[in-house]
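Please read the structure below before turning to the comments.
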Amino acid sequence: MKDLRLQGPYRKYIPYNIFQQCGIGHLKTLDYIFAFLIVITNFTLIWKSHSSSFWNRPWDNNSEQELSQLIQFYLDKAFYIHELPPFTIQFYSIIRRLKIAENLRYVSLFLNSSTLGFLFLITRRINCSRLISATGLLILSNWETFRNEGTIISFDSLEWCLFSVVIYSFISISIAKLGTTNWFANVITLSISLGLAISSKFIGIVTWAFVILSFVRQFDRLISDVKVTTIQIIKFVILCLLFVLIIPGSIFIISYSNLLSNFKTDTPQFSKYMSTYFKSYLRGPQVQPSRLYYGSTITLRHLDSMVGYLASHDISYPSDVDEQLVALSFEEFAADNEWLIEHPTLNLSFSEVYHADQLIPVEFGQSIKLRHKSTGKLLRASTAKPPISEQDYDFQISCTKDSNYEGGMDERWDVLLIKDEINNDKKDNADDKYIKPLQSEIRFYNNGQRCGLLGHDLRLPEWGRFEQEVLCMEYPVIPRTTFLIDSVQLPVDFQVPMIEYYIGKISSSAEFNHTLSWSQFLYLFKEYIFKQYKYNYYIKYGKNKVTFEDAFAVEKWPITLDTDSPVWFNFAWYGSLLSMIIFMCVQCKRMISWNPWTTAEPSFSIKWEVYNEFGWECIVGWFLHFYIFTMSPHFNLGKKLYFQSFFFSVLCLLESLDCLAK
């Protein structure tokens, strides 16, 4: 082939659009016809290979049952929390609502078949022959994990299809001339599919990072071409910012905005994990007394926990049968969560109290006693060691004695202010010294042991109901000591000054503007994503974490085969890994033998350039999509999560075979 390199000031260089000039990756009408036939053929073969009873069977898979339930939640406009972004649920919900398909399993099968169609187009884009491309289809379609996902309603089928569209669009952009109609068509497709991919599963964010890195590499090629003008470079940067960053990010935010605005019905089994701020959005304004008074019954919520209600159960510590267990509960509405606020020295009687002025409000810095309402025992800190944390500076928290016990210094707690900023615009507000429910973030300091009440994510064993451990520490980390008074029951029946709390705002009147502002939406958006992440590893799989300790280690994915895949598939599986190893060895040899001072012109081969260019893309893509799972905080990781990395390794294998064949 003719040498298409251009002459620079000192030596020849490769223009940024060398692939387009050489006709690399140019698709013909026949290629698109083949891709369409691949989709139809794969769909028909798998559909016909099973009976109608197989496709219409009840949801017999945990993943199907979960996805079906979430779809119903979305259609009912009920609140739910799940570890994945919302677009997959929205996609299947729209199909069910509009009755586009009578069976959602057919939709999943079509998405899997479309993934194969785009794989064929991708291999043709990287200049593989049709025979080599067909080999890639044979490899992926015979992976048992991939086949199984096409026969169930799957969280992954949509993500895999969008992923293949992203890779196809990106490779099409890399071989197209900047600013042409073809370039714009592919960058728009990339932008939309990328936005939908990150809105379907969070692994899409890794794909997003891969695309950004690849565009940085394209930018390097662009500025290395001396014939590219400054205007062209500026246009490239602006278009990349728009189509690679802004539009995908906007689609992601719009997807969540649609989800949040769809929540019209509260679901306590899920909403209990959300903050008071978020719950007021779901349940409406919450009316509470403007101050906390002695004699009130309260619930205390630990702000650093998913639910975290301070609770005591009629369970003794194994090491001390006289002391009653105190923990952070995962139940929102439970009698064990209720505590009476008692004065440290006065024995208050409310039978002759007829006016709010006769009630004593609790001030910051004052001491209180916390009596467990259902058992009558007092909250205390002692020198005994907690059941899980047994450091020298840790003290056990328990409930002790009975309802007649008045307590000593170990049962007295100073209430200290951490934060109180809601509706506090005045610097000299007389109400600032009082504790305010739903507003004041507080911590408790024990007078006897001189330690702070603390909750953390460590869970108690089965005898402690797998709830979170509570302890007292001399020098605690402040965020883990932060509590909020979530609800208050007054000790009297008459009316006292009340406030209405709604999405972080306080009003003393019944009329309130319930329209979401941008700041409120961003707060809800940020909290929902954070709770999704923690719900996944701490709630959904946290209690049963031990169950997954013997599961597939992520590091074993590349060398562990599916037992149900064909025998010949073993060679393709290990061959894909071998092709990446060989590529890295070739690149190492190139770097070792590189001499920047030589005056000799290196030989040029377009096939070699294609191999180097797309080989690096495959290596980086494989590594990013694989390495992210080694940092997972839990062990519930299925082999199907290796799909994106396997996809890149197969592309590397096919490109290597094509390079050898040519």
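Any Cβ shown, glycine's included, is placed from N, Cα and C.
According to Swiss-Prot, of the residues ASN61, ASN347, ASN347 is the one noted as N-linked glycosylation site. Identical topological domain names are assigned in Swiss-Prot to TYR10 and GLU609, which places both on one side of the membrane. With a 10 A radius on its CB, ASN347 (N-linked glycosylation site) counts 7 other CB atoms from all the protein chains. Here the topological domain 'Cytoplasmic' (217-235) is broken down by DSSP into helix, strand and coil counts: 13 helix, 0 strand, 6 coil. Counting same-chain residues at least six beyond the ends of the transmembrane segment (27-47), those with a Cβ under 8 angstroms from any Cβ of the stretch are 55, 106, 109-110, 112-114, 116-118, 120-121, 124-125, 130, 137, 141, 147, 150-151. Beyond its flanks by at least six residues, the topological domain 'Cytoplasmic' (217-235) meets 6, 8-9, 13-16, 173-174, 178-179, 616 of its own chain at Cβ-Cβ distances under 8 Å. Summarising model confidence by region, the topological domain 'Cytoplasmic' (48-159) averages a pLDDT of 92. Proximity of distant same-chain residues to the topological domain 'Lumenal' (181-195), defined by a Cβ-Cβ separation under 8 Å and at least 6 residues beyond the stretch ends, is recorded for 162, 165-166, 169-170, 172-173, 204, 207-208, 211, 239, 242-244, 247-252.
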